[in-house]
Amino acid sequence: LGTCSVSPLVLASYHRNRTLTTLARGGHICLYFGFAMSFFGLATMLILFTMALERCLALGRPYFYERFLSPRTGLVALPAIYTFSAAFCSLPLVGFGRYVQYCPGTWCFIQMHLDSHQHDGELGGLNVTFSLLYATLLLFLILAVLLCNLSVIVNLARMHRRGQRTRRVTTLEQPRAPTGCGRHMFSMAEEIDHLLLLSIMTITFVICSLPFTIRAYVNKFSGAEADHEWDLLALRFLSINSIVDPWVFAILRPPVLHFLRSVLCCQLSPPAPGSGAVSPAVTKLAARLD
């Protein structure tokens, strides 16, 4: 939704060879563009944080999770996230902060550096303070998501080690089960799949989000002249996060990895002629994919 709401303006700017501020009188397009970029960026971060916190509580505090959290909580959390993001990103529209156009004139965002042409130094400092507040909020979300995902990874690693010990005891006490037909093998595979997914999502999230946060602090405290190329690069990284994360989550989610592993390991081979039995692994995989 965020991409679709701002991309036509960029295409129109290039098509007419005009900047966003000159596409319409009053600079309303620039204000809309800056609000949309900051709103969808913050809302995406908050949703990722909520998902990470939910996973962390589900594995780390299962009794608390079972008692106090329910699907209704998610229905309340989403409107709350969008309301908070809209209210926070509306502050520049009422005077605290400012949305400005950046080079090459095809995008607008929060003012991240002092404007030499602005005579009111106090107002300019207030505008940059809002960018610092926005960057601090993103930094907090980055650290919170990182800590939650690391907690989930640690819990999954502990489950994996407990499962290995249980399998070793079971192997010593009982006859060996046919390869690929035990429930524990799928349990171990699921743990590894979750570890892989969370690790890649966490790395992607940190790499894409940190450049903007660092750039905002540099612009605030360094006092150096504005470098629009670095500002543009930081915003591109911030935008890539909301594009890449859904694809990573869709491609690397456990059911897809289970299917690929089963195909590569030939676990989906048909039963022998005359036998109506279906392996438990195939049955469970079919149920999950269904």
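One-based numbering along the chain as shown.
Note: Cβ is positioned from N, Cα and C throughout, glycine not excepted.
What TrEMBL says about a protein is an automatic prediction, not a curated fact.
The feature domain 'G-protein coupled receptors family 1 profile' is assigned by TrEMBL to 1-249. The annotation transmembrane segment is assigned in TrEMBL to 31-53, 74-94, 132-157, 195-214, 234-252.
Remote same-chain residues near the transmembrane segment (132-157) are listed as 38, 41-42, 45-46, 48-49, 52-53, 55-56, 59-60, 88, 97, 110, 191, 194-195, 198-199, 201-202, 205-206, 209-210, 212-213, 216-217, 220 (criterion: CB distance under 8 Å, separation of at least six residues from the stretch ends). With a threshold of 8 Å between CB atoms, the same-chain residues lying at least 6 positions outside the transmembrane segment (195-214) that come near it are 45, 48, 55, 135-136, 138-139, 141-142, 145-146, 149-150, 152-153, 156-157, 160, 233-235, 237-238, 240-241, 244-245, 248-249, 252-254, 257. Averaged across the domain 'G-protein coupled receptors family 1 profile' (1-249), pLDDT for the predicted model comes to 76.
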